[in-house]
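Chemist: Pasting in a structure now, in structure tokens, and then I'll have a few things to ask.
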Amino acid sequence: MIEPLLPLLTLSGIAVFALSGALLAMQLNQTFVTASFFALLTGVGGGTIRDVMLDAPVFWLNDPLVAPVILLAALVAWVTPVRWWEGQLLEWADAAGLAAFSTLGAGKALAYGVEPVPAMILGVVTGCAGGMLRDMVAGVPSIMMRPDLYVTPSALAAVTAATLMLCGVDETLSLLAGSVVGFGLRGAALIWNLKLPAYSRTSKPDA
Amino acid sequence: MIEPLLPLLTLSGIAVFALSGALLAMQLNQTFVTASFFALLTGVGGGTIRDVMLDAPVFWLNDPLVAPVILLAALVAWVTPVRWWEGQLLEWADAAGLAAFSTLGAGKALAYGVEPVPAMILGVVTGCAGGMLRDMVAGVPSIMMRPDLYVTPSALAAVTAATLMLCGVDETLSLLAGSVVGFGLRGAALIWNLKLPAYSRTSKPDA
Amino acid sequence: MIEPLLPLLTLSGIAVFALSGALLAMQLNQTFVTASFFALLTGVGGGTIRDVMLDAPVFWLNDPLVAPVILLAALVAWVTPVRWWEGQLLEWADAAGLAAFSTLGAGKALAYGVEPVPAMILGVVTGCAGGMLRDMVAGVPSIMMRPDLYVTPSALAAVTAATLMLCGVDETLSLLAGSVVGFGLRGAALIWNLKLPAYSRTSKPDA
């Protein structure tokens, strides 16, 4: 039943990621053209790296909608009042995109015959690489390095979806389950400010 | 009539980009080997990303000239007096390379059957990604984030060339027209210090 | 006689690179998930870029061992006392990985029909890109920019191996010779703190 909605959900996820890229560029007082480039990098960066590694056609090059939707997202970010985006709305939408892309990435990798563990890793790459590229070009601390849970929900989503699929569960159901648990964990991290324990050098004698 | 000159023009553009990479490494007091690596990254980075995304053979791997020309450019940067490169000469040459690569990238993407908007975007990627990679590895602020017009001339070149081609204009003429307007805008930005309006949060009530 | 050992040697090199990635993430007080991601980026980053550029299947996606070995390396880094890794042991292991990957990368490129100079460059990319990616995401100064010899031993290894192969020397012997000279130069740099002359702007009149 979710099948026909997939392209729409993917486009929504891309739009949300694009929005976050454009908003970062605007926070850094950039021009509209740069904001659009950031929107693109964030919106399709992860999926592009996934497709190139799978030797699959890069998904947005032959799609008449993805690139225009990204430019539209950049425009929306540019012309709307900043305070629209200052609450947690965007973080929740980003959580949904992160969970969806991580499961979709793992599913696509399995469909291309990739081994289980690398397929799960490709899911994480699909979910997180766009944000990583955005932060690297912007010169801000990488989303990978921030203390709140971000990669972990992505990994949970990818591992859940891939494991279910490998156990023979229906693909749509597996993707849905992975997205729900990934979104749930990221949401919990947003609400309760969850963190994984960071490494501290307690074992170092002179610390 | 420009057709037979294309390979020569491409090589010149690569040499200029390579020179800018080597000079940045030298400004940062690096060794010759690192300067050569920066020359390579800047000279072929954009075209490499384009070719990988198009699933085309990476253009410089089977070309006997490109890599040696890049190493030669690094050598020229290393042995010549710095003041040769301190005026605006290099920026003007870079402007020519930017305009040419942006149009060539868009044209190659269209030839590979990419949709119009993504093809224009690939043109911008071809023109700008080498400089972006150079700045990311060097740890200096990205060329994307500097206030002067850089991505915009690249986008103008790519959009002009792709639009003309899609309207049935002769390919060589389209590439030429795109390069001229892109070079013109980048040149105007250099002369009159043109900038696009940057985002300022005037809509934020408490700003 | 070395032939059957090659997969084992490659796995060891990947494990060492992965370890260096995980240890950097731990120094930056990251979580285990982020440390694993750094291990992955460092362990397979260079070979992934090489394979994508050669349009070869990305080597670790269809390998059941590489990804688990990387996660295991991250786990080992996490649970063992930090002081195990504080001496020069890791740097020597990294030197071995750098030399081996640089020669293997050049050899694979030649096997894919790449021109000599680009093949040597791809060897350097294979050896160095993982560490570059690790440093870019971490936001620490790039390994490319540090004063000690790192890219140069990689280049020496790749050039030696490729030159011997092109002269008709047996492939295994060529790879071995390249690895030995590369490891030797990197080791000499570690022992005697060797540096290439960095660029100084003595030719600038007002310096």
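The backbone N, Cα and C atoms fix where each Cβ goes, and this holds for glycine too.
Note: TrEMBL annotation is automatic and uncurated.
From TrEMBL, here are the annotated features:
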type: TRANSMEM; residues: A:6-25; note: transmembrane segment
type: DOMAIN; residues: A:9-79; note: domain 'Glycine transporter'
type: TRANSMEM; residues: A:32-53; note: transmembrane segment
type: TRANSMEM; residues: A:65-85; note: transmembrane segment
type: DOMAIN; residues: A:92-164; note: domain 'Glycine transporter'
type: TRANSMEM; residues: A:117-137; note: transmembrane segment
type: TRANSMEM; residues: A:149-166; note: transmembrane segment
type: TRANSMEM; residues: A:172-194; note: transmembrane segment
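Set these features in their place in the structure for me.
Modeler: Below 8 angstroms of C-beta separation, residues 34-44, 65-66, 69-70, 72-74, 76-78, 85, 90, 93-94, 96-97, 100-101, 104, 130-131, 134-135, 138, 140 of the same chain, each at least six residues beyond the ends of the transmembrane segment (A:6-25), sit close to that stretch.
Listed as Cβ neighbours of the transmembrane segment (A:65-85) (distance under 8 Å, sequence separation of 6 or more from its ends, same chain) are residues 11, 14-16, 18-19, 21-23, 26, 32, 35-36, 38-40, 43-44, 59.
Residue counts for the domain 'Glycine transporter' (A:92-164) under DSSP, split into helix (H, G, I), strand (E, B) and coil, are 60 helix, 0 strand, 13 coil.
Beyond the ends of the transmembrane segment (A:117-137), by six or more residues, the same chain brings 17, 20-21, 24, 38, 41-47, 49-50, 53-54, 98-99, 101-110, 143-144, 150-151, 154-155, 157-159, 161-162 to within a C-beta distance below 8 angstroms of the stretch.
Outside the transmembrane segment (A:172-194), and at least 6 residues removed from its termini, the chain residues within Cβ reach (under 8 Å) are 1-3, 88, 91-92, 95-96, 98-100, 102-104, 106-107, 148-150, 152-154, 156-162, 164-165.
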